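Enquirer: Taken from TrEMBL, the feature region 'Disordered' covers 1-24, 66-89. Here TrEMBL flags 14-24 as compositional bias 'Low complexity'. If you look up TrEMBL, you'll see 73-86 marked as compositional bias 'Basic and acidic residues'. Annotated Zn(2+) binding site per TrEMBL: Cys132, Asp134, His191, Cys194, in sequence order.
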Amino acid sequence: MATIRPSPSRDPLRSSSNSLSCTSRAPLPSSLQICGSLRKPLKSEDTHLRLLGSVKRRSIQIMEASKESPGLTREHMDKLTKRSEETDSDLGPFLDLKNRFLGYRRRTFLEDPVSYQKLAEAQEPKFMVVACGDSRVCPSNILGFQPGEAFMVRNVANLVPPFAHGASETNAALEFAVNTLKVPNILVIGHSCCGGIQALMSMKEEADSRSFIRDWVFVGKSARLSTKAAAGNLSFEQQCKHCEKESINGSLLNLLTYPWIEKRVNEGTLSIHGGYYDFVNCTFEKWTLDYKEKMEGGSKYAIKDRSFWG
């Protein structure tokens, strides 16, 4: 393996090797000889200022030289363009991504650079979104989230594990969004034809647990049990559809097992919502979990503000 060694430091003010050299003369007692001329000794401050002036003049000369040689600049740009075209042929599936990115850059960044400068300084998203990693259900595409509007984490079957489950990328994202970004809304989005829910509904209790998928989707076991109890007489497809929505409510309840989430919900500074995207019919359902420690009827939970889009 090659060893990378740091290059020796260079003094930017040191004369280059091709600079004119001075004629050698015997040293004079009260003056300095510079290129054949006699000069009085300089104070350190004067030397520093003259050196800076020399650097500035050198920079101006370089700039003027570049302006006087447009042919060189044009030739350089032509080489870069040719190199880019040659590289495009090797991009394969990334060529489409490149073209989409450049189009996005033209439509957004170049037209509104001020907004992007604000995003570079801070983010203040209104939503923390937990969604499925399924390639067909990108929340930014479905709901039109713009940069800075939603802090997002995606996993298999859009599950939120309970607090006792331990650390995961999902609850790490929740902690950051709730405690640091102070988002006012958490939205858990499920969807139709979810492979993770199908795996949950079809898994055997005594099956080998050396599967990452099985261990993860087992977080939704309560939704599986309630689905079996409520829709066990229905077809497997209908059971899965029922469980897709039931698991969303299970994740909403799991959110309340996190002390810092429950605290903010009770204070009224954080709301918890569920969403279901049916991409077969292109419809969306949204509802809000109403949670209070003392609610009529003895229950702490209720569904409110349910709406259907489509």
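Cβ atoms here come from the backbone N, Cα and C positions, even for glycine.
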Enquirer: Tally every other Cβ atom lying within 10 Å of the Cβ atom of Cys132 (Zn(2+) binding site).
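Expert: There are 25 such Cβ atoms around Cys132 (Zn(2+) binding site).
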Enquirer: Below 8 Å Cβ to Cβ and six or more residues apart, same chain only. Which residues does that give for Cys194 (Zn(2+) binding site)?
Expert: Cys132, Asp134, Ala157, Asn158, Cys240, Glu244
Enquirer: Please report the number of other Cβ atoms within 10 Å of the Cβ of Asp134 (Zn(2+) binding site).
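Expert: A count of 19.
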Enquirer: What is the set of residues, excluding Cys132, Asp134, His191, Cys194, whose C-beta falls within 8 angstroms of the centroid of the C-beta atoms at the Zn(2+) site?
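Expert: Close Cβ neighbours, site residues excluded: Ala131, Gly133, Arg136, Val137, Ala157, Asn158, Gly190, Ser192, Cys193, Gly195, Gly196, Ile197, Glu244, Tyr277.
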